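Reviewing the structure listed below.
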Amino acid sequence: MASSQPSKKTNKSTGGGGGASSGQNVKFARRTSSGRYVSLSKDDIDASGETSGDYTNYTVHIPSTPDNQPTETSVATKAEEQYVSNSLFTGGFNSVTRAHLMDKVIDSEVNHPQMAGSKGSSCSMPACDGKVMKDERGVDIIPCECRFKICRDCFLDAQKDSGLCPGCKEPYKTEDNDDDPPGGTGTLSLPGPDGKGGDPRQRMSVVKRNQNGEFDHNKWLFNETSGTYGVGNAYWPPENGDGDGKSGGLGDPADKPWRPLTRTMPIDAGIISPYRLLIAIRFVVLCFFLAWRIRHPNNDAMWLWFMSIVCELWFGFSWILDQIPKISPVNRSTDLQLLHDKFEMPDRTKNPTGRSDLPGLDFFVSTADPEKEPPLVTANTILSILAVEYPVEKVACYISDDGGALLTFEAMAEACSFADLWVPFCRKHDIEPRNPDTYFSLKGDPTKNKKRTDFVKDRRRVKREYDEFKVRINNLPDSIRRRSDAFNAREEMKMLKNIRESGVDPLEPIKVKRATWMADGTHWPGTWANPSADHKKGDHAGILQVMLKPPSPDPLRGSGDDNLIDFSDVDIRLPMFVYMSREKRSGYDHNKKAGAMNALVRSSAVLSNGPFILNLDCDHYIYNCMAVREGICFMMDRGGEDICYIQFPQRFEGIDPSDRYANHNTVFFDGNMRALDGLQGPFYVGTGCMFRRFALYGFDPPKLSMITPEKKGSDGNVSAPEAQALKATDFDPDLNVNDLPRRFGNSTLLAASIPVAEFQGRPIADHPAVKYGRPPGVLRNAREPLDATTVAEADKTEWGDRVGWIYGSVTEDVVTGYRMHNRGWRSIYCLTKRDAFRGSAPINLTDRLHQVLRWATGSVEIFFSRNNALLASKRLMFLQRLAYLNVGVYPFTSLFLLIYCFLPALSLFSGQFIVKNLNTTFLVYLLLITLCLIGLAVLEVRWSGVSLEDWWRNEQFWLISGTSSHLAAVIQGLLKVIAGIEISFTLTSKAVEDTGDTYAELYLVKWTSLMIPPIVIAMVNVLAMVVAFSRTIYSITPQWGKFIGGSFFSFWVLAHLYPFFKGLMGRRGKTPTIVFVWSGLIAITLSLLWVAINPNSGMEDAAAGGAGFKFP
């Protein structure tokens, strides 16, 4: 925005800078205390001179062009910036975006100047109760040398009317008539890399170019004007300038030795070579064994033989899909010190303040229901993100509240208020982990490795503040209810008063909508406690609130005068934080989490446009504050331009020590995912994943053929290949400018941000081998002031089909990752020494089964969709294709597993077996397969680091889930595909209150239909063993070897079901003894009944020539 243009309204009327109109609809309205909007025309406002903050004046910034670049941020710009950051924006698809200036966000006091609702001193104008604006330190902004205090609205009025200061009656000084602008450096000032004025060309931020809708980015930003794209601006400093080639330009790689940021370390040959050999041996043995089984049927029990051979053939096929992709596991390491040296090392001439050249990083957190996802848990996750060890000005955090609840909104505001104390405390004392609830719950000596003498005092004070913070969060539901009741009662009194004054006697009782009220005395635009039209779950307006505005580009040190802790040498800035609740309307499919994530992608593209996105569930917090830097190492290293995402392992807290139901899932995360890392990359598993924003837009990975050895701009200057910026159409030849609305929607801001995000996400070109990169130093400058445009998802676009998170599956995460791999991208598995993230997982048996059911249902949907790996393109590697095929196939194993678990019981009941005779060939095959299985398990435990107990727990739960959740998912999927019938498996909770036990939930018994198949399998096998035992006792010539041999396989099934029965029994001592007595009586009675019906079956089998199974 040009300095001579004091407000957005003036910008719109003048059209300055030659910017083209963005086509953004602007609605001017005043919001009343009840939440209603009184519309006004723009002409009426211009005529009346009204520019109060109660009026929506919503448009986009007109960018500063190279010929009209300000030397400093004006007071008017600060006023507009504060207007945007303190406003709550509402709107939606085909509706007007409105802004409501929030004088008060929460009931408690707001202190941090970055936070919405933060105000300065009182305005000195008569009859005005406004507050003076604050700068980044919370100091009042005084626009005139006479020190006359004035609020934003009065300042804009004075400028529009006479341009004179109301205090001294002298003209306000602006950048056009004074080289020293008033007000000092603003929060979002744009100084040069050295912190001073300097050449205006060195102050034109890349981010600035992507947050304006009234300017043609593609023409000006990407080599179509008089400059070449370069160091953080639209001009690249000439080679004969004052650059030293170290941090401000490309430089000479020979000046210092080049080192990679990451290294790939293969598994020890002494482990992986025997592992691959055993896979080959077992594959050959399995083929010979199955061939032998087919050629030697059991003619006396063909039905038993046929069922067994069909199951064994499927198990062999399933084993190949699971085992073959594991032949190339790898380990990776990163060099964090080198990352700092390359991107954050101060330089005397180009980077004296040590500004970071790291790319921006946007964090996405999703929540849906504050009743199921406690706001305190979500608030702790947000606090861990705000305290992450990454350049503050590069971080932006977004939370998607799909429930549109005021409780979540105010809880996040309280978290931002507490972050003012918590984040600097973490930086001062190197706190880890930076989730306050987890940190204060740690056992052990908190002073370990702490060097400052004031740590104990600071920790005690912060702990006291956190306890008060928890009390405020937990009291929010009652606080909101009491506030709403008071305001609703006031509205009833007003209505009753109006009726009495009119002299009309109401025939019916007065009815007032029971609204939910915000702290500033206005209606909450989201869902209400008492649902009403446009204010209920699934039907409410979109909401966007910048709770923490972007920080200043340079560190801001605290002072010793702070209220609680001395932060005199600590950076007290906070990252930008945005609350968003997308619009929802009845009758529309909002696509659950995938739709929420795509809404965040669109909104963040016009607010921060970080080239990388890291998404977390609301209960997954950052446990290792340096983990995101390790992920960035892979993205910024040579060859990282074709990495679509970095997947971190999921780690969980609150799991019982024995991990009864394999909740940690370490075999998958430390085994399968690490093995896939040696191929095209791991799956995307829904959380703890760092995405390349450009890959989410549905483009193919970049190719060297896209850039030419030499490319000339319009001025004839030649740009280096690694410095060339490309357009969206360069990545997709079939995409032209006219197709952008069809793919991404009608937002010109969003379309313009795409090539900028791609360019900023490239590795730095600090080595001749880096042919596709960006020049060092591009990202050191400040970002542009906020543009609060909300981007709604239009119909008939490719969002959810090709762009963003993919719709149409319960497991949208796997499908989204598959689409990227199918386009040729690769992914990386980042296994850090200290867990990167930690979260919670269901430890109750029923909850665990339903979780697995949801995953398996998504896999069945994938198998019957066009996302089946059999239909993948040639860009998907063969072994990667097998891995994705296994994702869609594994639930169908449950059909064969169910039959196979009944075979031992059927064998004991009938006296037959799957083979006719136990000869030497069969036993040799069985022995070889067993030894190979044991050898593979031991070696896999060695290279993956998984304990043998975890491996066994995984095997047990594989059988439990395979005979319950997977089976239900297959039935549900088949009915949906064949008959179009939707089936949901619900549970009835029978909770037991036990607040004194950490693992009380583990012992809860919640009945669900998923438990029926495992129970039937166990009962049938136990009955078969009892019947066979009874028959052996009553027989004239007992065949004990036959009984022991048959019972062995039934015992194998029961051993795998042991955790399931522990879950059914609940807590020890709480299951009545009579239950076991009754079970025993029933089993004995049924077994005696079988013997009475057919007492001579054992003798007949013996006389038949030993056709039954005999233990050798």
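Any Cβ shown, glycine's included, is placed from N, Cα and C.
According to TrEMBL:
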ACT_SITE  Asp402  active site
ACT_SITE  Asp813  active site
BINDING   Ser366, Lys372, Glu373, Asp402, Lys592  UDP-alpha-D-glucose binding site
BINDING   Lys593, Asp617  Mn(2+) binding site
REGION    1-73  region 'Disordered'
REGION    172-203  region 'Disordered'
TRANSMEM  275-295  transmembrane segment
TRANSMEM  301-321  transmembrane segment
TRANSMEM  883-910  transmembrane segment
TRANSMEM  922-943  transmembrane segment
TRANSMEM  1015-1034  transmembrane segment
TRANSMEM  1040-1061  transmembrane segment
TRANSMEM  1073-1093  transmembrane segment
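Each of the binding-site residues Lys372, Lys592, Lys593 was scored by the other Cβ atoms within 10 Å of its Cβ; the lowest score goes to Lys372. Counting Cβ pairs under 8 Å to the transmembrane segment (922-943), the stretch among 275-295, 301-321, 883-910, 1015-1034, 1040-1061 with the most such contacts is 275-295. The list of residues near the transmembrane segment (1040-1061) in space but at least 6 beyond its ends in sequence, with Cβ under 8 angstroms from a Cβ of it, reads 660-661, 845, 901, 903-905, 907-908, 911, 913, 953, 955-960, 1011, 1014, 1017-1018, 1021-1022, 1024-1025, 1028-1029, 1032, 1108-1112.
Around Asp617 (Mn(2+) binding site), the same-chain residues six or more apart in sequence whose CB sits under 8 Å from its CB are Val365, Ser366, Gly686, Thr687, Gly839, listed in sequence order. Counting only the Cα atoms, the space from Lys372 (UDP-alpha-D-glucose binding site) to Asp813 (active site) is about 21 angstrom.
The Cβ of Glu373 (UDP-alpha-D-glucose binding site) lies under 8 Å from the Cβ of Thr367, Cys618, Asp619, each of which sits 6+ residues away along the same chain. With a threshold of 8 Å between CB atoms, the same-chain residues lying at least 6 positions outside the transmembrane segment (883-910) that come near it are 301, 304, 307-308, 310-311, 314-315, 318, 321-322, 325, 672, 676, 679, 683, 814, 818, 821, 856, 859-860, 862-863, 867-870, 872, 876, 959, 962-963, 966-967, 969-970, 973, 1013, 1017, 1020-1021, 1023-1025, 1027-1028, 1043, 1046-1047, 1049-1050, 1052-1053, 1090, 1109. For Asp813 (active site), the number of other Cβ atoms no farther than 10 Å from its own Cβ, over all displayed protein chains, is 24.
Over all protein chains present, the Cβ of Ser366 (UDP-alpha-D-glucose binding site) has 23 other Cβ atoms lying within 10 Å. The CA atom of Asp813 (active site) is located 18 Å away from the CA atom of Asp402 (active site).
Compute the center of the Cβ atoms of Ser366, Lys372, Glu373, Asp402, Lys592, which mark the site for UDP-alpha-D-glucose; besides them, the chain residues with Cβ within 8 Å of that center are Thr367, Ala368, Asp369, Gly403, Lys593, Ala596, Cys618. Max Cα-Cα distance over the annotated UDP-alpha-D-glucose binders (Ser366, Lys372, Glu373, Asp402, Lys592) is 15 Å. For the pair formed by Lys593 (Mn(2+) binding site) and Asp402 (active site), distance between Cα atoms is given as 8 Å, rounded to the nearest Å.
Comparing Asp402 (active site) with Lys592 (UDP-alpha-D-glucose binding site), their Cα atoms are 8 Å apart once rounded.
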